[in-house]
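Worksheet: the structure to be examined is printed underneath.
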There are 2 protein chains.
Amino acid sequence: MHMSTNTLTVELGERSYPIYIGEAIHHQAEFYRRHITGRQVMVVTNETIAPLYLDETLSALSGYDVATIILPDGEQYKTLETLNKVFTGLLEHRFTRKATLVALGGGVIGDITGFAAASYQRGIPFIQVPTTLLSQVDSSVGGKTGVNHALGKNMIGAFYQPLAVLADTATLNTLDERQLAAGIAEVIKYGLIVDSAFFSWLEQNMDRLLSREPAALAHAIEVSCRCKADVVAADERESSQRALLNFGHTFGHAIETGMGYGAWLHGEAVAAGMSMAANLSHRMGWITEDDLQRCCSLIERAGLPIQPPAEISPDRFLQLMAVDKKVLDGRLRLVLLKGIGQSVVTDDFDHQSLLETLESYQ
Amino acid sequence: MHMSTNTLTVELGERSYPIYIGEAIHHQAEFYRRHITGRQVMVVTNETIAPLYLDETLSALSGYDVATIILPDGEQYKTLETLNKVFTGLLEHRFTRKATLVALGGGVIGDITGFAAASYQRGIPFIQVPTTLLSQVDSSVGGKTGVNHALGKNMIGAFYQPLAVLADTATLNTLDERQLAAGIAEVIKYGLIVDSAFFSWLEQNMDRLLSREPAALAHAIEVSCRCKADVVAADERESSQRALLNFGHTFGHAIETGMGYGAWLHGEAVAAGMSMAANLSHRMGWITEDDLQRCCSLIERAGLPIQPPAEISPDRFLQLMAVDKKVLDGRLRLVLLKGIGQSVVTDDFDHQSLLETLESYQ
């Protein structure tokens, strides 16, 4: 069987790195060997992923001096304490600053491992093998690594780039439907904020994505990563351009917080949040009724919610959004649409229209 | 009274920063105001330093939204757990990524605070106010920040540069004599490895340093920082040039480990280590008997040891040095002298001469 691999290069000067996208690539030795320079490799994964993919990864790494750390699965373990377990493992194996970390898992594993790589002996290389659609399209680009603090999510971390990313579409076969849809929410986001042609492609190929057709998944991952890389490129750090990536997230975070973390998946909350942002954009007269319909219809076809939960009142919404970090100097900024594939970060929207949007779901 | 301030700029492109060196500068508002851009400032200090200098620092920061964290004093608190206390304080005060940290204290405070700044919300600015001679000449340049792990010192951290360093010679008046001498050991090191003129100046001015004459201290700090900056400049990260800064440290670490950490101050162990390295350099015929005498005599005049403790046998020394991180691929590399102000990193020394050096102290 011939399997093709797409390679997308994230351009960051001397820190540029490739994202390899393809079917069954995470157990092919060559993708690791190209990048690993030392002998020592530590695979960091979790209890859910290890039984599924660890053996294949280890066989691809045969010949290296390999150790493994299996962390508990879940956002609640994305802490300094868990991070310290990675350091302990590295030190117990006497791993030097020439060791390479391999992050095998979803966003939490990628964030912890990336930060461990950034901090161990002040920085060692790492390779990301994201195993969820969300982490393949989101964590592969941008260099954000870190852990949560009891008083805030993602409050501790570093900007740190991997040597390479291996996005293997085969690992998506074990994702449950809700997790797959949550990843598709972020994919739709890229179409909406910067790429109308990709949005049209998604309208025509949603069924192929939902049936996990490898070529369709690979295309969606590649375009999403390229969109994100383009947005991030101008400014590797937080900037107003980068804020476009938060489309749907201010409403979405309000849903996640309002319902208690974990009740809604992040991607589900973002999906409803994107519909709400499109609704407000339409009320402002910035997008047509037809665009609004296309937006909601595509989100719905992915099996995602297009409405917030009725139990969050408009007042509570406003309260929750006001503490979101996108509020600068007391003015609520939102990412809104000026068309499909066109977005802006703005505080220049009508407060009455925002209220009407919120009330329309009651 | 007229007080002059010397400014040394550490050249690192867009991350260049000034080191201000002078008498009573840490309570002058202008040195902070020049660099702080936001409103929020968190001063991180410890229980020993707070009663001595915190009030002055806080008065210099009047007008800002200032909070303070007072950590316990001691290397044993240089941990992830203590680091997390800084994050907790920042989050409890709702400090954003526009907040600035001020590290008021010695090396431990500087290392923890620098790493907190590197990691809080993936990086916020910080200002260093080192209050020991060792931290003024050592931590002011090089960007090394971090904490210890139970299994190894300085194993977790980041390269991260401050906005500015305020080296106030007045804070040295409260140092005890042993601490002052330990700082002078590192000062002597710079003369020995790269600056023979500075070494001569130290021979002529050691008494002024020991009596804490502000102008003499300021000169010694400035030249030491410049020497270190020159060595680090070519390669901001670890390199063979940077390894020159480890002069005396391989022998010194063996003494520290062999005696149990804390029995000898780091600077005391380095002082004996520098004598030992000079002794070996002389045995190799690389420096004259006169140079060896000058070296030992200056170290001794600073009140520092020129011999290792007799209880560490030559065999034990070799064992302790073999695990030092300067051992690459099984070959022991040492920093040795080719003259006063001339040093090399080399494994090209005679093993028999090393043994003779070690045995000469029995």
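Backbone N, Cα and C define each Cβ position, glycine as well.
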Please pick, from B:Glu177, B:Glu186, B:Glu203, the residue that TrEMBL records in the Zn(2+) site together with B:His249, B:His266. B:Glu186
Rounded to the nearest angstrom, how far is the Cα of B:Gln76 (NAD(+) binding site) from the Cα of B:Glu186 (Zn(2+) binding site)? 22
If you count other CB atoms within 10 A of each CB, which of B:Thr132, B:Thr174 wins among these binding-site residues? B:Thr132
Cβ atoms near B:Gln76 (NAD(+) binding site) (within 10 Å, other residues, all chains): 12
Would you mind ranking the binding-site residues B:Asp73, B:Glu186 by how many other Cβ atoms sit within 10 Å of each Cβ and giving me the lowest? B:Asp73
Could you tell me which three-state DSSP class B:Glu186 (Zn(2+) binding site) falls into? helix
Which Cβ among the binding-site residues (B:Gly107, B:Gly110) has the fewest C-beta neighbours inside 10 Å? B:Gly107
